Amino acid sequence: MNNQGRSILAWAALFIFVILLFNVFQSDGLLGVRNNITFSDFLTRVDEKTINSVKIQGRVIEGTANDGSTFSTYSPDYPDLVNRLTSNDVNIEVVPLETRMNTFLGFLISWFPMLLLIGVWVFFMRQMHGGGKAMGFGKSKARLLSDKGPKITFKDVAGIDEAKEELTEIVDFLRDPSKFQKLGGKIPKGCLLIGPPGTGKTLLAKAIAGEANVPFFSISGSDFVEMFVGVGASRVRDMFEQGKRNAPCIIFIDEIDAVGRHRGIGMGGGNDEREQTLNQMLVEMDGFEANEGVVIIAATNRPDVLDRALLRPGRFDRQIAVANPDINGREQILKVHLKKIKYNSTVLARIIARGTPGFSGAELANLVNEAALIAARLGKKEVDMHDMEEAKDKVLMGVVRRSIAMSEKEKRLTAYHEGGHALVGLYCPAASPIHKATIIPRGNALGMVQRLPETDEYSQNREQMESSIAVYMAGRVAEEIIFGRNKVTSGASSDIKGATNIARAMVTKAGLSDLIGPIFHGSNSDDMYGRQSSNEISEATAELIDAEVKRIITQGYEFAKDILTKHIDQLHTLANALIEYETLSGQQIKNLLSGRALDSEEENKFPFNDSHTIKIDKENLHEKVKSTKDKKENIIS
C-alpha cells in the first residue's frame, strides 16, 4: 500500500476512535445514570419511600432506589423539594455544578465538532499538496522520475537523428562535464524542442531521462498557474530550488506555451498571474543567481506565441526542430513499433513507410496498433500486410460506416462524383497518385478518393497546385455533366473549400498570381491576444485577390470539365465499377481503364500520352486586368 493509502486509513481510524470515545462518554453507564424517569414519577416514589438516596447537581437529580437500581430526572424550580425528601427519609447529597464532569472531558466534548472540522480541513490540505505543509499551494508540482519500471533510451527513438544528436551532447555534458570544460565550453542552460504534435518531443525527453544518470524532473506548463495570485511564481522558485539541491539535473517542461506566451495587455492587466509566473521563470533561468548544473528542456508546438525574452540565448540556448520523419525515418519508427507486436513476413516496413508520407511518429504508432487490433478482431495469430493496409485506410479515410443505408440513386451519384475525382487525377501528371477510391461511407464522407504522393514533398510548384484544384473540382463537374446543373448536390462543399484554400494561398502567400504579383498578403503570426492578425490591404486589393481566386478556381473547373467530357466513356466505366465493387485501388483503376484484368499485378502505367496540362488563358487574364483597371484606377502601376 502506498503512503497516501496508509495516511487515509490512519485518519479514518482516528476519526472512528474519536466518535466512539465521544459516544462512550455520553453513554449512561459512564455517568452512573441508567434510567430516566419523569419528575412526577420521582415525587411519587419519594412519597412511597422507595428511594434511598439522591445526588443533586443544579437541576439534575440522580438517585438510587431501595432495590439498588439507579435513575435520573430533571427538576423544575421546586422550592419544597428538600423538605419533601427529608420528610421521607431520603439521603441528600448536593454536588457543585462545575465538578460534575472532568474539566478536560467537558472541554473535549464541547469543542469536539470544531476540532473535527479543523482535522478534516488539515487532512484535505495535506492530500491536495502531496502530504506537505497545510499551506503548500506554492510548492512545485515537478515530479522526480523514478528509477523503477522500464527505461526509454535513445534506442527507442527513431526517425529524428538530428534532434537526438543535439540532445546526446547535453547528456554527455552532464555525465562528464570536464570533457567540454577543458576547452572553455559551458553547458547549455536550456533546449527548446519545437515541432508539430506527435513528432516525438515528449518521447525524446523520456529518452534523455533514461540515458542521463542524473535526477530528471518533469512538469507541465499548465501546472504553474492556479486561481491564487502568486502561486505560479512561488512554484517556479520552488522548482529551481529543487533543481539546485539535486544539481546536476534536468527539468523538463512540457507544453511551455501554457505559461510562456509573450507578455502584453491581458484580461487582468499587464501584471496578471501568468505574467508574474513568466517573469519569475525568466529571472530563475538567467538572473543574478546562477543555476549551474540545472538544464531546462521544454517542448512546444507553438513557438510563435512564446515571449522573445524566453527564447534568447542564455535561457534557451538551443532550439531543436523535431519535424515529421522522411521515408527513412518512417521506416525506422515502424521497425521500433513492429517489435511490440506479432507479425508475419508479408509486413514490410519500407512499403508501409512509402505509403504514409506526412505521417508523424505518433500516427505511425497508432497505425501499427490499429493493425494489431484488426488482426485480433479477426482471430488471427499474426498481423499481415492486409491488416496494415486496412489500418492505413482507417487512419487516412476514417472508420467504415456500414450502418448507413444508401439508396441506389445516392450510390450512383456518389460513384460518378468519386469517379470524376479519380479520372481527372489520372490525367493530371502533376497531381498526386490515386491511392484508393471508395463509395463506402467513411468518417463524415459518403465516399472519397485518397491521393498519396510517391515521395516526401516539402514544397509544390504552380502545376501541382493547379492540378490539385482541378481534382478537387472534378467531383462537382462530374455531377453536373451526368445529372445536370440543377441536380448538383452539396456533397462537394468540402472540395470547394479545399480548392479555395489552395487558390488563396497561391495568390496571397506563394506569389503565383501574375495579376497580384509576388506580394505577401497572408496572415501574420498571432498577436498578443492570441488572434490572427493580417496585413493592412486596401479594399481594392482585396477585390483583386478575390477576383484572382475565382479565376484560378474557374480555370480548374473548366480544365476538369474538359477532361471528363473528352473521356466520358471512361467515367461511365469507372462509376459502374465503383457501384459493383464499392472500393478500387489506384492500380485497379489503371487496370480497368487500360482494359486489363482488374487485379492484374503486372506493371501498368496508365497511358499519359493523352494527359492534359493546365494552360493559363493569357488573353482572358489580360482582359480581366484591363477591366479591373477600368473599374479601380491606379491600383496597379
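Keep in mind that glycine also has a Cβ here, set from the backbone N, Cα and C atoms.
For 1-6 (among others), the entry in Swiss-Prot reads topological domain 'Cytoplasmic'.
Per Swiss-Prot, transmembrane segment is recorded for 7-27 (among others), and the stated evidence type is sequence analysis.
Marked as topological domain 'Periplasmic' by Swiss-Prot: 28-103. Residue counts for the topological domain 'Periplasmic' (28-103) under DSSP, split into helix (H, G, I), strand (E, B) and coil, are 20 helix, 23 strand, 33 coil.
Under the heading transmembrane segment, Swiss-Prot lists 104-124 (among others), citing sequence analysis as support.
Along the topological domain 'Cytoplasmic' (125-637), the predicted structure has mean pLDDT 80. Annotation comment: Swiss-Prot describes 125-637 (among others) as topological domain 'Cytoplasmic', evidence class sequence analysis.
According to Swiss-Prot, the ATP binding site annotation covers G195, P196, P197, G198, T199, G200, K201, T202. A sphere of 10 angstroms centred on the C-beta of T199 (ATP binding site) encloses 26 other C-beta atoms. Under the three-state DSSP scheme, T199 (ATP binding site) falls in the coil class.
Other Cβ atoms within 10 Å of the Cβ of D495 (Zn(2+) binding site) number 19 in total over all chains. The Zn(2+) binding site annotation in Swiss-Prot covers H417, H421, D495.
With a 10 A radius on its CB, E418 (active site) counts 26 other CB atoms from all the protein chains. According to Swiss-Prot, the feature active site maps to E418, an assignment based on sequence analysis.
Proximity of P196 (ATP binding site) to non-local residues of its own chain (separation of 6 or more, Cβ distance below 8 Å) is seen for N301, A323, N324, S360, given in sequence order. By the criterion of other Cβ atoms within 10 Å of the residue's own Cβ, the least surrounded of the binding-site residues K201, H417, H421 is K201. Counting other Cβ atoms within 10 Å of each Cβ, the binding-site residues G195, P197, G198, G200 show the lowest value at P197.
Note on proximity: among G195, P197, G200, the binding-site residues of the record, the Cα nearest E418 (active site) is that of P197.
Closest to T199 (ATP binding site) by Cα-Cα distance, out of the binding-site residues H417, H421, D495, is D495.
Here the Cα atom of H421 (Zn(2+) binding site) is found 35 Å from that of G200 (ATP binding site). DSSP assigns H421 (Zn(2+) binding site) to a helix. Of all Cβ atoms in the shown protein chains, 16 besides its own fall within 10 Å of the Cβ of T202 (ATP binding site).
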